[in-house]
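> Handing you this structure, nothing more for now.
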Amino acid sequence: MSLSLSFSFSLAPIRRREKKQQPTAMDTAGKLNSSSSELDLDRPNIEDYLPSGSSINEPHGKLRLRDLLDISPTLTEAAGAIVDDSFTRCFKSNPPEPWNWNIYLFPLWCFGVLVRYLILFPARVLVLTLGWIIFLSSFIPVHLLLKGHDTLRKKLERVLVELICSFFVASWTGVVKYHGPRPSIRPKQVYVANHTSMIDFIILEQMTAFAVIMQKHPGWVGLLQSTILESMGCIWFNRTEVKDREIVAKKLRDHVQGADNNPLLIFPEGTCVNNHYTVMFKKGAFELGCTVCPIAIKYNKIFVDAFWNSRKQSFTMHLLQLMTSWAVVCDVWYLEPQLLRPGETPIEFAERVRDIISVRAGLKKVPWDGYLKYSRPSPKHRERKQQSFAESVLQRLEEK
Amino acid sequence: MGNTSSMLTQYDIEEVQEHCKHAFSQQEIVSLYQRFCQLDRSGGGFISADEFLSVPEFAVNPLSQRLLRMLDGLNFKEFVAFLSAFSPHVSLQQKIEFIFKLYDSDSNGKVAFHDMLDVLRDLTGQFISEQQREQVLTEVLEEAGYTKDSMLVLSDFVKIIFQTSCWNFEEPFLSIAFLLRKGVFALG
């Protein structure tokens, strides 16, 4: 199935253009053309990607009773979706095969558990606490006392945030390999990366103090967000607010114009995915009229599965899980900056960048919007299927 | 993953196999169980309509509501029995019976004009007017030798779907064999 998906990706831009030129047979009072919400415009034709039952759409001669009664292609699609679907696969964390199943390996594994929980974990907690003490004792004075000297204060705050992130990474024994040129502070540029967990942000922040756009979280994370990250120029959004999008879009545009704002980091997937797939990128980051620098992150699952399933675990539990594993090993690739090509829509641009990131990190692309985790797909997709079937029925009725 | 006990005993597997009349192999039943547990997020032992609709590929299917009427509240045994119509080891007759059951919403063994119209409406939505739908259906019914008032039974369905000369026995009909064969329950 993945083979057919990748094949249709290369066809997708061509097919989309063809679809636009075909006049719709039923232009009933413009009802077809209205999309219910702005969210719909984010996604290109999903039909181009889905392996659809083709016999509905391939008319052969005159319409007969059999063609109307035989609903098997649609049913097969539905049953296929029930048995396995590409969306759920993106958020599934497959536990690794248990290797501690025999008498020699089991004691070894037990020993490993003891080392991890009783030696490594306390050491890591110590390192992290030390880091926080150093950080807070430097950050609070700098933040409060240097109110007048903004450039100096910003510079020190950047260094300190990078420091505390390094402490975080050390507390999971993070082994991060960075490839490619380090990000620089320049206006009119934005960084995009694939998203697996909130630690993506910490790993990237360790190298460069980014300003990130995130969902406001509750609890201690929210506290950190409103105090420390605020000083980095981070932008908050609220998934549930519809008007929020315009406000955030404006904030983004303002931020990228500023010459000494920290470089902006966006996770266009909008949700954490399990590091084997990428879901559709939201076009917001790609219509700011500036250079987009892709970053690809790939975690090595042998050491720990870094996917944060926010429905199953709180962030605290996730961090604890990381701190009691052997290590967090990952690769970060800073890829070549991309510009919007002439004649390319932001959605096509987003897909192109997603392609670049997925290829680099070895991830499979999936044609679903990450927000479908929280909401139902728009009726537009079902309507498109209905429309194509209706058109083929009417067309075949004409044939004698 | 699943909060319910994700361990199926050999006895359970055999019981399920009996119930679905050996439509699936034991390995396939284990895979289906993993999938069942994955969809059954609340761990209640059955998948609710909401949980089915959280699969976007299923939610965009025009027949999803109709299928949900048959799927809602099924436990695992019944779930496998439902899917058995899509197994390659099941006869064509049984597959047509599944399609018949989908049409026959009041389960009286007969499919009337309005039943067929309902399914056609699901498939075409707002893109054909009601009047045109009735007209199309009447036309093809008459061409096949029935009238608007005919009540079709299962044998009629079998005759209609198989009779055309372009029927290709090589092509899989109503089968998800390709998914089960690939063992897609592993990542990628």
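Every residue gets a Cβ built from N, Cα and C, even glycine.
Keep in mind the model is a prediction, meaning the values are calculated, not measured.
Okay, these came from TrEMBL:
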DOMAIN    A:189-300  domain 'Phospholipid/glycerol acyltransferase'
REGION    A:16-44  region 'Disordered'
REGION    A:375-400  region 'Disordered'
TRANSMEM  A:101-119  transmembrane segment
TRANSMEM  A:126-146  transmembrane segment
TRANSMEM  A:158-178  transmembrane segment
> Cβ under 8 Å to the transmembrane segment (A:158-178), counting only same-chain residues 6 or more beyond its ends: which ones?
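For the transmembrane segment (A:158-178), the nonlocal Cβ contacts are 120, 124-125, 127-128, 130-132, 134-135, 138-139, 142, 199, 202-203, 205-209, 228, 232, 262, 304, 322-323, 325-332, 334.
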> When DSSP states are grouped into helix, strand and coil, how many residues of the domain 'Phospholipid/glycerol acyltransferase' (A:189-300) land in each?
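Taking the domain 'Phospholipid/glycerol acyltransferase' (A:189-300) as a whole: 41 helix, 29 strand, 42 coil.
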> Give me the DSSP three-state residue breakdown of the region 'Disordered' (A:375-400), ordered helix, strand, coil.
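The composition, in the requested order, is 20 helix, 0 strand, 6 coil.
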